[in-house]
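Q: Below: one structure in structure tokens.
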């Protein structure tokens, strides 16, 4: 495993190994134990697009393992504005570090970076494409909350067209005999290039209430204004779904709600302290999962 550009770069054995290792690293992730596993190693975080959870959890993960971080969160402060190409920027940054996390608004940017880098490239999100490390922490969260990954019924709600997290997660869950329910406005349906690759059972819906009682997991995404080429198209679908405590009266007692965050108004705050809300635990889980991935990529640990 040299680079992680897509969830397809990881087979099931590798995924399960990473999840197991993430569980072992939890005490270090929580600061209960110290580690110098990656002492002397450097991670570059190159974020050409806004990020809070992904960038900070990678930096936390690296530092919890004894390593250090360099990088940027504002491309306007780099040579990007001078016309430097992504390829040149990656070649330069790779020379300064042992691994690179890249977030970029252009789909395919991480693949391009992987073709020119001498050190591992980790895709931290490329436009509306993939977000494989989010998928890993989503799988870890589901396993921690539900107790298994196999034979579940998972609903994905909201912006399925532009939401890169659900693209990667659908492909991953499909390997575990998951029944997938895609719930969205018609204009934000899951792209065919994702559904064409699915081998298991899936269905499309516009109404959540009709199927909520069947679900083990509800994965909610916000309607992403920044992805819409036309703001009028955004206005037509903004606020299409809102999850509140009254709606959850029809849910299974052990059903869990996940969200990659940030949320806008698609999940009411009155759900935050209920047994269904797993999204803040999900956000924390990015640290141990990314610790496990960095350890494997940088140390070559099997």
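Glycine is treated like the rest: Cβ placed from N, Cα and C.
Automatic prediction, not curation, is the source of TrEMBL annotations.
Copying in the features that TrEMBL gives for the protein in this structure:
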{"type": "DOMAIN", "residues": "2-144", "note": "domain 'Aspartate/ornithine carbamoyltransferase carbamoyl-P binding'"}
{"type": "BINDING", "residues": "53, 54, 103, 131, 134, 261, 262", "note": "carbamoyl phosphate binding site"}
{"type": "BINDING", "residues": "82, 164, 222", "note": "L-aspartate binding site"}
{"type": "DOMAIN", "residues": "151-296", "note": "domain 'Aspartate/ornithine carbamoyltransferase Asp/Orn-binding'"}
Q: To the nearest Å, how far is the Cα of residue 222 (L-aspartate binding site) from the Cα of residue 54 (carbamoyl phosphate binding site)?
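A: Here the two Cα atoms lie 16 Å apart.
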Q: Need the DSSP three-state call for residue 262 (carbamoyl phosphate binding site) to compare against my parser.
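A: For residue 262 (carbamoyl phosphate binding site) - judged by DSSP and reduced to three states - the answer is coil.
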Q: Hey, what's the Cβ neighbour count for residue 261 (carbamoyl phosphate binding site) at 10 Å?
A: 16
Q: Quick one: among the binding-site residues 53, 103, 131, 164, 222, which has the most Cβ atoms sitting within 10 Å of its own Cβ?
A: 131
Q: Give me the DSSP three-state residue breakdown of the domain 'Aspartate/ornithine carbamoyltransferase Asp/Orn-binding' (151-296), ordered helix, strand, coil.
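A: For that range the per-state counts are 57 helix, 24 strand, 65 coil.
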Q: Over the domain 'Aspartate/ornithine carbamoyltransferase Asp/Orn-binding' (151-296), what is the model's average pLDDT?
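A: On average, pLDDT over the domain 'Aspartate/ornithine carbamoyltransferase Asp/Orn-binding' (151-296) sits at 90.
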Q: Can you grab the distance from residue 164 (L-aspartate binding site) over to residue 262 (carbamoyl phosphate binding site)? Cα atoms, rounded to a whole Å.
A: 14
Q: For residue 54 (carbamoyl phosphate binding site), just count the other CB atoms lying within 10 A of its CB, please.
A: 24
Q: Could you give me the DSSP helix, strand and coil counts for the domain 'Aspartate/ornithine carbamoyltransferase carbamoyl-P binding' (2-144)?
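A: DSSP classes over the domain 'Aspartate/ornithine carbamoyltransferase carbamoyl-P binding' (2-144) add up to 69 helix, 24 strand, 50 coil.
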Q: Restricting to the chain of residue 262 (carbamoyl phosphate binding site) and a gap of 6 or more, list residues whose Cβ falls under 8 Å of its Cβ, or answer none.
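A: In sequence order, the residues whose Cβ lies under 8 Å from that of residue 262 (carbamoyl phosphate binding site) (at least 6 apart) are 52, 222.
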Q: Identify all same-chain residues not among 53, 54, 103, 131, 134, 261, 262 whose C-beta atom falls within 8 angstroms of the centroid of the carbamoyl phosphate site's C-beta atoms; report them in sequence order.
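A: After dropping the recorded site residues, what remains is 51, 52, 124, 125, 165, 260, 286.
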